[in-house]
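Everything below concerns the one structure shown next.
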């Protein structure tokens, strides 16, 4: 599933084609994805101007001129693709239609935004902009890891006394929003913390030290366009490249990259997810 860096990369890719532009025509090609689309969604989107695109955790919000926001979740395999527009150095022509093209937005200026989702775990909804943060998908979320509200004191307080593994705590969207399996593995490796260690056992210094590492990993991943392991593509259809710099994720059986360490990357399963770690470096 796309995590914060992938969603932020897609948001940035959509912005030139959508922000400030009118939705000339919206087409909805089925009744639902993970959940039913809101009633008359195509009609309600057509003629609306996109005021801005923003991200909350793993969700994109397109604020519209009529006072509503289009809430977008990519799910497992969803892609928001831009065509008919100049993106960077290249013009991206419209691709042939696919049976997995579920929502199409024809934008003022000739760009087309296509929501393609083969597995249909994605979602779209319309919500009043002023009440967007109260939407059931957003209301439970913790602070943004790149925002000012997420600091060492906050994280230390939230981890204190917790008897869940530190990995599970960082994946808890109520504690910090947007982190997923890949980036938590990478953060814990850089921090030298074992994924199975109890969150409440961290010293205050260890807990506070996670914050700059979380930001470091996320910003590096955004700069690389995210991580493409299976379905993820940027808005222009290009792959992300952060997977080429993974230090631990997906490297089971390979030597640890820490200078002077003789360890081998191992894999354990926690709550159905693979956790990659160095048993020598991470304690």
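Cβ coordinates are placed from backbone N, Cα and C, and glycine is handled just like the others.
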According to Swiss-Prot, 119, 162 bind DNA, and the residue from 100, 135 that belongs to that same site is 100
Zinc finger per Swiss-Prot sits at which of 210-246, 247-283? 247-283
Rank aside, I only need the closest one: which of the recorded positions 58, 119, 162 has its C-alpha nearest to that of residue 2 (active site, schiff-base intermediate with DNA)? 58
I'd like to confirm something. Which of the recorded positions, 3, 100, 119, 162, 273, has a Cα closest to the Cα of residue 58 (active site, proton donor)? 3
Who are the long-range neighbours of the zinc finger (247-283) in its own chain, taking Cβ under 8 Å and residues 6 or more past its ends? 165, 167-168, 171, 181-182, 185-186, 188-197, 229
Looking at the recorded positions 3, 100, 119, 162, which has the shortest Cα distance to residue 273 (active site, proton donor)? 3
Under 8 Å Cβ-Cβ from residue 100 (DNA binding site), six or more apart in the same chain: what's there? 116, 117, 118
